[in-house]
Amino acid sequence: MRVNNGLPPQELEAYGISNVHDIVYNPSYDLLYQEELDPSLTGYERGVLTNLGAVAVDTGIFTGRSPKDKYIVRDDTTRDTFWWADKGKGKNDNKPLSPETWQHLKGLVTRQLSGKRLFVVDAFCGANPDTRLSVRFITEVAWQAHFVKNMFIRPSDEELAGFKPDFIVMNGAKCTNPQWKEQGLNSENFVAFNLTERMQLIGGTWYGGEMKKGMFSMMNYLLPLKGIASMHCSANVGEKGDVAVFFGLSGTGKTTLSTDPKRRLIGDDEHGWDDDGVFNFEGGCYAKTIKLSKEAEPEIYNAIRRDALLENVTVREDGTIDFDDGSKTENTRVSYPIYHIDNIVKPVSKAGHATKVIFLTADAFGVLPPVSRLTADQTQYHFLSGFTAKLAGTERGITEPTPTFSACFGAAFLSLHPTQYAEVLVKRMQAAGAQAYLVNTGWNGTGKRISIKDTRAIIDAILNGSLDNAETFTLPMFNLAIPTELPGVDTKILDPRNTYASPEQWQEKAETLAKLFIDNFDKYTDTPAGAALVAAGPKL
């Protein structure tokens, strides 16, 4: 028996994994590098070395999350608290699973992992020691261990010595469920959670993001019940300690816009907001790389080096990367430890209370302005609406931009009813005197996407206060307050009507989008608080 770094096999046997004879426990980056490039590896386990020093892997047919294969055990722990897909008006991915089917899936995964050489990574989710989850990840694939080492908070040697996992993630990517039809499931693949056992099981999908977003869903369950905001957002802090958070769905610009040489990064995707301020859940970043260039996004480009892990990019024979090639997926990605970005909050990824709250949307209709300043009611309305365009490739089967409404800019990861997140966020914003803004990083009447240069200038105007002092006019139908001019921004684009050949073209599209907003918000009108917010939305 050869056990690395002293994790006793009995610890894994307690989860149902048998015949444990080789554990690679909390492997170093150097060891993972050797393992991933082992010439004997085949299929999706195999890594390829790129000219930038980072290893690249393929995740197979799953190049994004598979929300239709997500299940939560419905039992006494979750029955009355979880936001269930089969109850109420709201649409979500929290499909109930019986304890019996859970046991069957657990058997599949533990049999898959039994008798194998296993990688075990112990890490934290959450930078606040009072509320963090201690998570143990178990996988037979080296690069999956590398992914979680990048993405979660790496414990010190001292913390590892006393590490007691609160949550177990068993990744059996190589196994599938042949009995899925009889069990009434979506497919042979599964991503299942049990809050009583505090465990996640993965089968059939190799996509690393299932482990990252799985733990985000769990934080989204545990923290708001304690009055702590749990947010699908990036965050950064200025020289004077001013904190900004950027909400948005995948591909709307959270990572790009929060990675700013003038400000220190707190994190790029998942945060909490408690009595002390804003804190990161993660220890790394997961950036989209499609059409990445050193000129447009130097910080992210320079983060792609040894210890970073690329997913689904095209690597040429000579090891160079074609970042423009989306033939495998538009959702090409790189994970890297957060310290690959030079300008970060140290030693712990947390800061004070946020004073600027930015909602990012990628409007495929070309109706919304590039920026508007929201009232308190509009803040709640647009947070609960969570409008964007679903961008290509972040979920399976989506290749063209399509409009979507995702509550709290992250409905796929919500474990409680959206109004619970809105209540906690509003409470935190009011206490901090925070102001919210809606920023469209999508399209306008030209048919082109608003440039990163213009969007960055808009973000600068929000953060330095010049937008708050700007003269504004009101966009009809949506009743949004828009600045008449901003430094460094082409004035013609501020009013979206000006980007069309005629204002009637905008009007026609605006009516279509306004109706979608109104129809979507109907699901919140069954409470007095929700009904009161209707006035903050568009009017036909």
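Glycine residues also receive a Cβ, built from the backbone N, Cα and C atoms like all the rest.
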For the substrate site that Swiss-Prot describes with ARG65, LYS213, ARG333, which of these is also annotated: TYR44, TYR207, TYR221? TYR207
Non-site residues, in chain order, whose CB comes within 8 A of the mean position of the CB atoms of LYS213, HIS232, ASP269 at Mn(2+): LYS212, PHE216, GLU270, GLY410, PHE413
Rounded to a whole number of Å, the separation of the Cα atoms of LYS213 (substrate binding site) and HIS232 (Mn(2+) binding site) comes to 10
Can you grab the distance from LYS523 (N6-acetyllysine) over to HIS232 (Mn(2+) binding site)? Cα atoms, rounded to a whole Å. 21
Which value in Å gives the longest Cα to Cα span across the substrate site residues ARG65, TYR207, LYS213, ARG333 as recorded? 15
LYS254 (ATP binding site) sits from LYS87 (N6-acetyllysine) (Cα to Cα, rounded, in Å) at a distance of 31
Rounded to a whole angstrom, what is the C-alpha distance between LYS254 (ATP binding site) and ARG333 (substrate binding site)? 14
Relative to the Cα of SER250 (ATP binding site), which of the binding-site residues ARG65, TYR207, ASP269 have a Cα no more than 10 Å away? ASP269
Rounded to the nearest Å - Cα separation of ASP269 (Mn(2+) binding site) and THR252 (ATP binding site): 11
